[in-house]
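Features reported for this protein in TrEMBL:
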| type | residues | note |
| --- | --- | --- |
| BINDING | C82, C85, H86 | heme c 1 binding site |
| BINDING | C230, C233, H234 | heme c 2 binding site |
| DOMAIN | 60-197 | domain 'Cytochrome c' |
| DOMAIN | 214-366 | domain 'Cytochrome c' |
| SIGNAL | 1-23 | signal peptide |
Amino acid sequence: MLKTHRVLLLLSFFLLSACRSSEFNLDLEQQVEGATLLQFSKEGGFVLPPIPDSNPLTDGKAELGRHLFYDKRLSGNQTQSCESCHIQALAFTDGKALPQGSTGETLALNSQSLTNVAYNASYTWWNPILIRIEDQLFIPLTGDTPVELGINDGNLNTVLQRFRDDPSYQALFAAAFPNETDPYTLVNVAKALASFSRILISDRSAFDKGQLSDSAKRGQQLFFSESLECFHCHNGFNFSSSTVTINTRFPERVFFNNGLYNLNNNGSYPEDIQGKFKVTADWNDMGAFRPPTLRNIELTAPYMHDGSIATLEDVIDFYAAGGRNVTSGANQGDGRLNPYKSDFVNGFTLSAQEKTDLLNFLKSLTDYEFIADPRFANPFPAAEL
Ligand code: HEC
Ligand code: HEC
């Protein structure tokens, strides 16, 4: 289980750094300069995502980031890379309910998809104050409650030296940080990984190409209907109401409780995974999580912040029931009656055909070019890792 005091310490640090540097670069010309890797669809595609002034996007940084993302030398004990939990074929999730870090500790949260991660108004499932990928990355890199990649004060220099000593990384770091004599720092590692994360743009699904089957078209109608209400929370081009672009002046960071739990019949979620409540301690935020993008949702099972729903069919049944009644065990309680549940999660009835239609619409958001795109793929020959 997570030790909360450590997390809070981390959070206060992030709050401070967020205040200092929450300015995003809104100069479009400046943002795209040199960043040919940042591909946006030509026909009616997405507007640019916000990019922090402190870390302009360049091809050099994204390419260094790609190498680091797939390199197990980035973990203290060299057993894990970012890819261990974020696999391209699974839209950068890992297929597990809960992942384990490099020293075997189980995490409390499900590995998130990195699909269009540049556009998220906040980072992680639950945290409203982590608003830059750069800041979020210090958790997998250096977090110790639980350990993920396990970089710490004791091994930081050893980890950085692995890259300083490697001729191919010497070239990559030089291209990424051309004006620095010793660019081998954790801050630069985070900048490169954030740059790589930002180019993971998925906009080539059947939905984007207007290639919906008749069934998927009917499912789209259902998705956007006032009876199912899905679109209130999963809306906009990224199917998440917590989305920002270069044009967003006043970001909305929204979080919802969709009725997964109701411990003690007082609305509680299981300890340590209580959503935004963990930061605000406001009961109205109990069980409130950021609505995830539904792009590539077919590939990212199991679902929800704790991976507690196995299939997309089960997710639809869950919403149809208006929440989840956990009838036994430690998490017993009727989530349908959770007092903090959103008014948009009320339950509905679907025929078998309508359920298939909704599923087909969700599957139309799968982007097969994204998961096969060589620019996002492991750059190392198979034998090397
Ligand atoms: C041990 C598994 C694990 C490893 C290793 C890992 N992650 Fe994650 N990642 C997660 C989990 C779990 C979350 C959700 C965390 C939460 O909600 O608190 C996440 C969240 C993220 C997010 C936020 C996504 C969003 O939509 O808010 C980004 C970005 C990310 N990871 C990138 C990386 C990068 C880059 C690395 C390598 C430095 C990495 N991760 C290593 C499991 C992992
Ligand atoms: C009140 C806002 C709201 C409504 C309405 C809503 N969702 Fe969600 N959805 C969320 C939130 C928040 C989560 C994450 C909850 C969690 O992990 O605890 C989520 C999670 C999901 C997931 C799992 C995502 C993942 O990456 O694991 C799917 C699939 C999904 N919703 C589909 C739908 C569909 C289909 C509908 C309509 C039937 C719908 N949602 C209605 C807010 C909403």
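Heads up, the Cβ atoms here are built off N, Cα and C, so glycines get one too.
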Near-site residues: heme c 2, ref C230, C233, H234, CB cutoff 8 A to centroid:
F223, E229, F231, H232, N235, F239, S241, P291, L294, F344
Please work out which residue of H86, H234 has the most C-beta neighbours within 10 angstroms of its C-beta, and give that one of the binding-site residues.
H86
Using DSSP, how many residues of the domain 'Cytochrome c' (60-197) fall into helix, strand and coil, respectively?
62 helix, 7 strand, 69 coil
If one measures from the C-alpha of C85 (heme c 1 binding site) to the C-alpha of C233 (heme c 2 binding site), what distance in angstrom results, rounded to a whole number?
26
Reported as an integer number of Å, what is the Cα distance between H234 (heme c 2 binding site) and H86 (heme c 1 binding site)?
22
Near ligand 2, meaning Cβ under 6 Å from any of its atoms: which of the binding-site residues C82, C85, H86 fit that description?
none
So which other residues, same chain and not among C82, C85, H86, have a Cβ within 8 Å of the centroid of the Cβ atoms at the heme c 1 site?
F69, S81, E83, S84, I87, F92, D94, S111, L114, P140
Running a distance check here. Ligand 1 versus the binding-site residues C82, C230, H234: which have CB less than 6 Å from one of its atoms?
C82
Under 8 Å between C-beta atoms and at least six apart in sequence, can you list the same-chain neighbours of C82 (heme c 1 binding site), or say none if there are none?
L68, F69, Y70, L74, P140, L149, L193
By a simple count, how many Cβ atoms lie within 10 Å of the Cβ of C230 (heme c 2 binding site), its own Cβ left out?
21
Please report the three-state DSSP label of C233 (heme c 2 binding site).
helix
State the count of C-beta atoms found within 10 angstroms of the C-beta of C233 (heme c 2 binding site), not counting that atom itself.
21
